[in-house]
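> Before we start, here is the structure in question, set down as structure tokens.
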Amino acid sequence: MRFIRPFPLTGDSLGMASMPLWGNRTSIFARRSDDKDSASNRAVAAESKSASLFSVAFTIGAQILVVILLFFCSQLDRQRILMLLFWAFCFNVVLVWNWNPDPGFVSESMDVLTPEDKKLFHWCEVCQIWQPLRSKHCVRCERCVRKFDHHCVWIGGCVGESNHLRFFLLLTVALMYLLFLFCSLFSCFNFHGHATVDAAIVRNIIPFLVLLICAFLTLFVFILFVMHAAILLRNETMWEFSSRHRITYLSSRKGNPFNAGIFSNILFLFRRTPIDWRYVMQRNESELV
């Protein structure tokens, strides 16, 4: 006797939409969590843009205030005024050059072929790519950045592989500009020719406050200048320096696997094409972790 196998009772055979397998279903709670994370990331990005606009407004306003103060209260000679204008011009030009940069956004996913590659590279859930070595996703820029250093509100973007040298130039010019301003502000004080001590205090209170702010900014930029000079010479980033214990390719190592010597590290800064840091690590070490 010949048996005929009956048709399977599926949603399609019954005229209904087929149901996905249980293992392939997406929980509504997971979807809500993803939507919540996306909304949170968008909020962080919006706050970062607002902070960058505030930084621009503060930079412009502070310079206008200092110019007005020096014009009415100081007795600078022509040579010092020209030097002040020169450093102000250089600072603002380099600042505009650094504004809203391309720090080296990751545009293509890495080819992950072996289990060792999966241990070495990191999968970005947001960009849906395998990140190159030393890359990190920036929540504020909403993209992955090569050789991520940090996100800087003063330039409206990240510091990474493509613009770290440019950012260091900005720190250098800013430090020179602030040092010249700091020295020039002393010419704004005048303690002679006042009838009372209170009159002298009132006359010098604004120059004193501006001098304090300038001193704080000078110290802050000087610290950044020294730190970035040190990490650039070691071929390191601020993210790697501060989060070494949480980074897979660094937590199990004592030294810096990307340090190829001062001369080679400086040459890396002038490379115009993306660098595959995996080969630099392989050249400096005999085995990967």
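Any Cβ shown, glycine's included, is placed from N, Cα and C.
Pulled the feature table from TrEMBL, pasting it below:
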- 121-242: domain 'Palmitoyltransferase DHHC' (DOMAIN)
- 51-74: transmembrane segment (TRANSMEM)
- 81-99: transmembrane segment (TRANSMEM)
- 167-193: transmembrane segment (TRANSMEM)
- 205-233: transmembrane segment (TRANSMEM)
> Within the domain 'Palmitoyltransferase DHHC' (121-242) only, compute the mean pLDDT.
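Average per-residue pLDDT within the domain 'Palmitoyltransferase DHHC' (121-242): 91.
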> Counting by DSSP secondary structure, give me helix, strand and coil numbers for the domain 'Palmitoyltransferase DHHC' (121-242).
67 helix, 18 strand, 37 coil
